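Q: Pasting a structure here, questions to come.
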Amino acid sequence: MASSNLIKQLQERGLVAQVTDEEALAERLAQGPIALYCGFDPTADSLHLGHLVPLLCLKRFQQAGHKPVALVGGATGLIGDPSFKAAERKLNTEETVQEWVDKIRKQVAPFLDFDCGENSAIAANNYDWFGNMNVLTFLRDIGKHFSVNQMINKEAVKQRLNREDQGISFIEFSYNLLQGYDFACLNKQYGVVLQIGGSDQWGNITSGIDLTRRLHQNQVFGLTVPLITKADGTKFGKTEGGAVWLDPKKTSPYKFYQFWINTADADVYRFLKFFTFMSIEEINALEEEDKNSGKAPRAQYVLAEQVTRLVHGEEGLQAAKRITECLFSGSLSALSEADFEQLAQDGVPMVEMEKGADLMQALVDSELQPSRGQARKTIASNAITINGEKQSDPEYFFKEEDRLFGRFTLLRRGKKNYCLICWK
């Protein structure tokens, strides 16, 4: 992605919600490489899909020759950003936040190159400059530059102030000052001149721009990426089970892959622009091919492959594809023990059972059938498979060979209704 027209290219992909002084920023980018940053607060032990667009934006800038700084908010994570939140966040302990900082730093690392010469990425933590700052320094050096009038007029704060059931505490009100100071610190320390973030960060970003100008007399810029929405109006990045996480222990690579496979046709080409590094020309060609093929579109598979590889690597992608293929074909011989552990985690419904159970009881316990009587009829109708093999004996008791890896048995009713038995 060429640096000189990088902003235009991001706009073509729909990746720019707002930008401060676009003309001046374009001029600055045309002069040569810049340093830029994006912040990630440790409000959980993993990043989720909502973090992926700004994180990939950092990567896009690095590919164009710029120097990315990934800032993990060890200090701001102790406070909690109130921006557009309906209620105050629960405060977490320092130990918990530090543990989350370490996890998030490790999650961010594979997306950026920390050893590529002049534009090698930097990992920073704002606890380094806030950890030992006393309250008088904070008030005199930072607080004096902020107008309360302007702060309460920021949309994110206004929404909270106008809620009868929820005001805003001083601790959250001060978050804006902390994030603003991050920008000023990174500008002084690393020459950072651009902050990128989600569109909910606009107020915090503009505060940082103002503070940097006041403290260092430097012009800096802000760019926000849009809040990702789906064509049907439902929230992006959520499933019935909650958020889609980047940590494979919280959302398995198989579940992650399936999330993208299930993208609606109305969203898939837009999401290819947001979440992959395919060129606009390649995406348009794929859309044209899908339109004229007369078959199911290929775009969802391309999207699922590209994003799963980005987040979980080639090994995670191959495991996800292997599990998908085995569930579709009914043949489980290619599945490893680790694959079954993914299924047990979140891939299919799971039930724990004691050894010695019969098939009818397993169907009831797994909620594949409402009663033993109904289970008996379904088994007799040849609609049940055990590990891909048909079983039509209602009196069937599980055998040792049904326990794959000594632990797992996969039941299927009909073509699509699965349950994994994990034997105690």
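Heads up, the Cβ atoms here are built off N, Cα and C, so glycines get one too.
Not my notes, these are from Swiss-Prot:
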| type | residues | note |
| --- | --- | --- |
| BINDING | Y37, Y175, Q179 | L-tyrosine binding site |
| MOTIF | 42-51 | motif ''HIGH' region' |
| MOD_RES | K144 | N6-acetyllysine |
| MOTIF | 235-239 | motif ''KMSKS' region' |
| BINDING | K238 | ATP binding site |
| DOMAIN | 357-414 | domain 'S4 RNA-binding' |
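Show me how these features fit into the structure around them.
A: Long-range Cβ contacts of Y175 (L-tyrosine binding site) within its own chain (separation 6+, distance under 8 Å): T76, I79, G80, D81, P82, N204. In the three-state DSSP reading, Y175 (L-tyrosine binding site) counts as helix.
Across the motif ''HIGH' region' (42-51), mean pLDDT in this model comes to 95.
The Cβ neighbour count for K144 (N6-acetyllysine), using a 10 Å radius and every protein chain shown, is 8. In the three-state DSSP scheme, K144 (N6-acetyllysine) falls into the helix class.
Non-local neighbours of the motif ''KMSKS' region' (235-239) in the same chain are 48-50, 228-229, 255, 259; each lies 6+ residues outside the stretch with a CB under 8 Å from one of its CB atoms.
Under a cutoff of 8 A between CB atoms, and with a sequence separation of 6+ in the same chain, the neighbours of K238 (ATP binding site) are V244.
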Q: Around Y37 (L-tyrosine binding site), which residues of its chain at least 6 apart sit with Cβ under 8 Å of its Cβ?
A: P68, V69, A70, L71, A124, D182, F183, L186, Y190, V192, L194, Q195, I196
Q: With DSSP as the reference, give the number of residues of the domain 'S4 RNA-binding' (357-414) in helix, strand and coil.
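A: Summed over the domain 'S4 RNA-binding' (357-414), the classes give 19 helix, 14 strand, 25 coil.
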Q: Between Q179 (L-tyrosine binding site) and K144 (N6-acetyllysine), how many Å separate their Cα atoms?
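A: Computed Cα spacing between Q179 (L-tyrosine binding site) and K144 (N6-acetyllysine) is 15 Å.
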